[in-house]
Amino acid sequence: MNKLQKLLKEKGTLLADGATGTNLIPMGLDSGQAPEAWNFDHVDRIQKLHQSFIDAGSDIVVTNSFGGTARRLHLHDLQDRVVEINRAAAEIAGDLVAKSGREIVVAGSVGPTGDLLAPLGELTYAGAVEAFEEQMTGLKEGGADVAWIETMSSPDEIDAAIEAANKVGLDYVATASFDTAGNTMMGLSPAAFAQQMAGKNPRPQAFGSNCGVGASDLLVAAIDMVANADGLPVVAKANAGIPKIAGDKVVYSGSPELMADYVKLAMNLGVSIIGGCCGNSPEHVKAMAEAMRAHNGGDAPTAEEIIETLGPLVSPKSSKKSDRSNRRRRRG
Amino acid sequence: MADEEDDIILSELDDEELSEQMQDDLYDGLKEEIEEGVNIFLERGWAPYDILTKVLVKGMKTVGDDFRDGILFVPEVLLAANAMKAGMAILRPLLTETGAPKMGKMVVGTVKGDIHDIGKNLVGMMMEGAGFEVIDLGINTDVDQFLAAIEEHKPDILGMSALLTTTMTYMKVVIETLKEKGIRDELIVIVGGAPLNEEFGEAIGADAYCRDAAVAVDTAKRLISQQQA
């Protein structure tokens, strides 16, 4: 049995970790630099970040490999070191987990390629599978327990990443970003994504949502995911509010207290894996851990109740109808 | 949908019906039908500028509005923009010949360290669709490349895009450099990208944050007309 599945069975709800990118910036990551290069150049800083989440109580540590496909590493002239970079990412996290004496899942982060798949763009489906396969080979060699496919928006690209995980022989988790009128920017709805995942063979260890436009939007999307999950565990990794500029720094509007409220609501919704994405510092994760420990049940909140507690939706669903909805012929 | 309604013969429609049908076809991203329709209007003696503004730009406005309103998403808008582009390819040389008026000029790019260009490309296409001339610097654009393009093309608008929390702060670097060079006020600077928001745009000194390509077009038009007023 996969470690993630085993832990879920034991604990019921798992705490994931917080952000990678936004936490590396204060450690010295310059604008436009590849965070993945730090798996060689600044191992100590990546260790420090992971350790801070382990200390905060995370049951899952997501590796520093989000942009780890050749298609993205190319920009930093690192495209020939894909396997090495991803292996290192998994090893850095794995070593700390081993030292912690706790059961913690090493989740190998896999982000989008950044390209549109054909016919909309140049990248073929087979090319996407190949890119993910190379990355996941490194993650597996480094000891990742699962491929953590995240921040996805295109159903085809999700399929390609899952096919790669199957080829490499890694269990997987897949999460999408619902940042555009309640859907992904490619128009994938939370319900359709849940159905896509429930129909997979093999099925994911869990699926859900990360990043996007704030905790309210994410949890409202989670309502539809839970309703269509068909028994699969649901993941929520929301941003800590929205980014703001303060002097030369980017700060996120969501406080640790807000993220603690988000944990309570997520648990009441039936979400099983809860963590944070952009803007979530170790302090946020600590507050989330406490909220999880202190939680003693409650009814599933409605969308209105989520909004009341966490704030208004940034990108709500549309109820408008198109001026061109009475077209004589339509795209097939 | 393959039903009998597919058998629309564009050349048999009168001008008004053809214009409506072409706007439908643009909405559905039917590239070949748009090319056919543009050619029919040209044969009927329509001015290229009228075909552009009364049919294509009008059609793209609906696409843009529905994108903004969460009715259409990126795949549909890309197909529509590609159909628009095919129509523009026929019209562009004719527009140059006839000296048709231009809305303005824009230099656009994804900032340094960032490879994400889906949104930026959409902005470029929608701006072209609205009658702007667009110079696209591509991805991973550093401040020197932005400066060189501004020098060369003298645009009215500078557009910057970023998708990553680790790259969006580079926009501030570019704007600060424009200020140092004393050319910030000669340009309208608009910014966009998933992690951004209005407050962020304001804080880094942009003229506007645009949530999507449709808003970018509306904002560009508004700021240009304010500038001219």
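Here the Cβ of each residue, glycine as well, is placed from N, Cα and C on the backbone.
A:Cys278 (Zn(2+) binding site) has a Cβ environment of 28 other Cβ atoms inside 10 Å. Annotation comment: TrEMBL describes A:Cys211, A:Cys277, A:Cys278 as Zn(2+) binding site.
For A:2-292, the entry in TrEMBL reads domain 'Hcy-binding'.
Residues or ranges marked as region 'Disordered' in TrEMBL: A:309-332. Tertiary proximity for the region 'Disordered' (A:309-332) is limited to same-chain residues at least six positions away from its ends with a CB under 8 Å from its CB atoms, namely 179-183, 213-217, 219-220, 241-242, 258, 261-262, 265, 301.
Non-local contacts of A:Cys277 (Zn(2+) binding site) by the CB criterion (under 8 A, 6+ apart in sequence, same chain) comprise A:Gly18, A:Ala19, A:Thr151, A:Asn210, A:Cys211, A:Gly212, A:Lys237, A:Ala238, A:Asn239.
Secondary structure of the region 'Disordered' (A:309-332) per DSSP, as helix, strand and coil residue counts: 2 helix, 0 strand, 22 coil.
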